[in-house]
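Taken from TrEMBL as is:
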- 4-135: domain 'EamA' (DOMAIN)
- 33-52: transmembrane segment (TRANSMEM)
- 64-82: transmembrane segment (TRANSMEM)
- 94-111: transmembrane segment (TRANSMEM)
- 118-138: transmembrane segment (TRANSMEM)
- 144-164: transmembrane segment (TRANSMEM)
- 176-199: transmembrane segment (TRANSMEM)
- 211-230: transmembrane segment (TRANSMEM)
- 242-262: transmembrane segment (TRANSMEM)
- 268-289: transmembrane segment (TRANSMEM)
Amino acid sequence: MQSLWMLFAAFMFSIMGVCVKLGSSLYSTSEMVMYRGLIGVVALFVLIRLQGGTLKTAYPRQHAWRGFIGVVSLWLWFYAIGKLPLATAITLNYTAPIWIAAILFVAGWWHGTKRFELGLTLAILMSFAGVTLLLQPAFHADQWLGGLLGLCSGLLSSMAYLQVRKLGLMGEPEYRVVFFFSATGIAAGIVGALAGQALGNPAEAWHAHTGRGILLLLGMGLSAVIAQMAMTRAYRLGKTLLTANLQYSGILFSSLWSVLLWNDRISWMGWAGIGIIFVSGLAATYYNARSAGAQVAKPDVTTANDPIATEA
C-alpha cells in the first residue's frame, strides 16, 4: 500500500504542470525555473533544520553536473509546457525511463556485457513510434520547437536520473541532491533572464508580481516539493517495480487537466501515441528493474532515493 504514495506524487506533479502552464503567460521560463528553485531551497532548508542533516558534501563536481543537466531538462520542460497541450508536454518528459533503458542497453551492448533482448528493443521502438503519433496530429506549425525541446527534456532527465543513482551509490542523501539541484535552478534562472535581456529579448524582462502570479509560483514550488517527498516515501517503503509503474498515472492526470482546463482536443492518433508511450514505459521500467537485479532485490540508498518521476 505504501507504493500508492506514488499516485499522490504523480497527482502533485500534474498540479505543478498546471501551475507552470498558467504561469507561462505571466512569467518567462527563466523566471519560473528561478522561483521553482528558490521555493525548493527554502522548503528543504526548513526541513533539514527540523529533521537534522547537513549540506556538506565530498562530491561537489558530481552535484554540479547533476544540477546542470537537471536544470537544463527542467528549463526545456517548462518551455514545452508553455507551448504545448499539457498532456503532450508531460508525456514527452515521461519518456525518460525509455531513454534510460535505451542508454543502458546500448552501453551494455557496446561493452559486451548485455545480450540482445527482443522485448526491450520492441519497447524502445514502440515508444518512439508513440512519440511520432503523438507529435504528428497534435502540433501546429509553431509548436515543433516546443515538441523537440520537450523530447530533449526527457533525454536529459534520464541522464540526470542516472547521475542521481550514482550519487546515491556514493552515499549522498536525497534531500542534499534535491537541495543542490534547486540551488542550481536559482542561479540558472537568473543567468538565463539576464542573458535574454542582454540579447534584447523582451520576454526575458523581469515581470511584476500579481496576486495570481504569486499563488501560481507558490503552487508550482510547493507541489513539486510535496511530490518529491511523497515519491521518496513510495520508493523507500513500497515495492520498487510497482512504484515505478504507478508514476505513469501522471500522464492520465495531465490528460484530464488538459481537457478540463484548456478544452484541448487531442485526436485519436494523439491518444494512441500517449497509450503506446504509457505501455512502452511500463515495459522499459520492468526491464530496468530486472537489469538492476540485486539492487532491486536488496534495497539500498539508490532505490530509496529513486527519482525516476521527478521533473528532472
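Just so you know, the numbers here start at 1 and follow the chain as drawn.
Placement of Cβ uses the backbone N, Cα and C atoms for every residue, glycine included.
Annotations in TrEMBL come from automatic prediction, not curation.
The average per-residue pLDDT of the prediction over the domain 'EamA' (4-135) is 88, rounded to a whole number. Mapped onto DSSP classes, the domain 'EamA' (4-135) shows 108 helix, 0 strand, 24 coil.
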